[in-house]
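Structure first, then comments.
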């Protein structure tokens with residue numbers, strides 16, 4: 001097996017560059033190697049970066065967006081259709097927004113360009129979550145203007161239209177997040193829709209775009225957004241000001257899309273929102289009919305219905321509320337992937353109170369232990385903020401002690417940074433940057449050891465894995481188990497695969513070895 005290339009391993013704090021979204025037979029993430037040091041040695045002596053990421057960035061360049069949509073639009077009957085370039089930045093929720101806009105544009109007859117030169121106009125879907133994301137978005141707008149000249153801006157940073165226009169006065173239009181219709185109208189204003197009535201061969205009823213729409217992810221997994229906005233007012237976060245309060249989709253709408261995705265060949269659904277466990281609260285858990293059955297727009301009911309589809313269902317952005325216990329019972333019954341992405345953010349009650357985190361008074365350790373009693377195989381991923389204003393060494397040590405007892409499977413961390421408009425900016429006793437970084441390193445070193453220990457326990461066991469990529473030259477499949485969300489968690493590297501193994505296929509493998517974050521397995525056809 002080839003030597004590991006630590007230079008290309010994604011780190012936790014550096015912005016990540018996404019791999020190509022299309023299924024491929026050439027590995028692009030990094031070349032794996034079975035570890036030559038013990039886990040205890042490697043966490044101390046090696047310089048391998050921390051692999052689990054805090055953010056869920058799903059950035060797509062103009063080339064990646066064009067490549068991902070080419071199969072759906074390449075056979076367009078209007079050969080001279082105008083081409084729209086698309087740059088998508090930010091989280092999976094923003095990626096879903098981009099997918100919807102691209103789908104609607106394609107249905108209107110536009111094609112998606114793969115480069116700036118070939119685009120009649122470029123749409124940039126921005127992120128405004130943290131200052132580094134704001135700067136990245138402003139840079140992307142500038143690049144699009146420089147290389148194309150006709151640019152429409154949408155997404156979370158669109159809330160700051162004055163800032164965008166001050167820096168980039170040449171932009172044609174600015175809209176906010178999930179403003180689909182506004183974007184479509186702005187595109188049509190500056191690049192008129194093709195007149196498909198002039199093409200006698202065009203029949204919208206047999207349009208190549210299926211009910212699931214165009215996806216910017218590989219064909220075997222997709223993000224399913226169940227709600228928009230958030231009712232919480234965490235002091236470090238400005239998402240409610242960018243995306244509004246909680247607005248849930250009716251459950252029949254969610255299930256129709258989920259079924260369409262399954263029919264399109266999707267093997268794994270990643271459920272996303274700002275607060276997945278609050279799903280349906282704004283609808284007062286309204287009952288709808290789907291597939292001839294009454295269903296409540298409620299978190300538990302949705303999980304039950306999704307399970308019945310018979311594909312992998314992975315839950316992201318869940319809060320540790322008591323009603324999540326019932327969903328863990330479904331996992332214990334093997335009816336959902338036993339995986340929870342829960343942003344705990346901290347463990348010190350004093351800091352959680354300053355953050356105004358929901359459920360901060362809950363005994364989260366007791367809840368985690370109870371979940372493991374119900375479902376011993378459950379995997380818990382979380383993110384944490386270190387160096388929040390007012391965080392003392394005692395507060396930080398509380399977090400480290402909590403991690404030792406919690407033994408989470410996947411952890412990412414941010415060092416706190418000010419975000420324009422966040423309440424936390426005005427809190428006293430900001431932590432010096434060097435102290436933030438030192439605490440970040442201590443947290444991630446501790447968690448690296450925990451991760452290594454937990455993965456060592458997998459050696460000798462069998463796991464079902466989903467193939468994401470294949471390196472035919474090395475004979476290695478880059479896969480994920482139920483414990484691994486795409487692009488943010490670890491991988492399972494499977495040796496000596498044969499020509500019959502395909503991307504998007506499930507394999508049952510035996511775990512032979514482990515490193516701090518990844519597993520290494522063998523497969524017998």
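Cβ coordinates are placed from backbone N, Cα and C, and glycine is handled just like the others.
According to Swiss-Prot, the feature compositional bias 'Polar residues' maps to 1-20.
Sequence annotations record features per position, and here Swiss-Prot assigns region 'Disordered' to 1-44.
Annotation comment: Swiss-Prot describes 82-192 as domain 'MTTase N-terminal', evidence class sequence analysis.
All protein chains considered, the CB of residue 156 ([4Fe-4S] cluster 1 binding site) has 28 other CB atoms within 10 Å. Annotation source Swiss-Prot lists [4Fe-4S] cluster 1 binding site at 91, 127, 156, citing sequence analysis.
For the domain 'Radical SAM core' (216-453), the model gives a mean pLDDT of 95. If you look up Swiss-Prot, you'll see 216-453 marked as domain 'Radical SAM core', on the strength of sequence analysis.
The [4Fe-4S] cluster 2 binding site annotation in Swiss-Prot covers 230, 234, 237 and is backed by sequence analysis. Over all protein chains present, the Cβ of residue 230 ([4Fe-4S] cluster 2 binding site) has 22 other Cβ atoms lying within 10 Å.
Among the features that Swiss-Prot reports, domain 'TRAM' is placed at 456-525.
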Rounded inter-Cα distance in Å - residue 230 ([4Fe-4S] cluster 2 binding site), residue 156 ([4Fe-4S] cluster 1 binding site): 14
Pairwise CA distance, residue 234 ([4Fe-4S] cluster 2 binding site) versus residue 156 ([4Fe-4S] cluster 1 binding site), rounded so that it is a whole Å: 17
Among 127, 234, 237, the one of these binding-site residues whose Cβ has the fewest neighbouring Cβ atoms within 10 Å: 234
Extra residues within 8 Å (Cβ to Cβ centroid of 230, 234, 237), [4Fe-4S] cluster 2: 232, 233, 236, 238, 239, 240, 274
Neighbouring C-beta atoms (10 Å sphere around the C-beta of residue 91 ([4Fe-4S] cluster 1 binding site)): 23
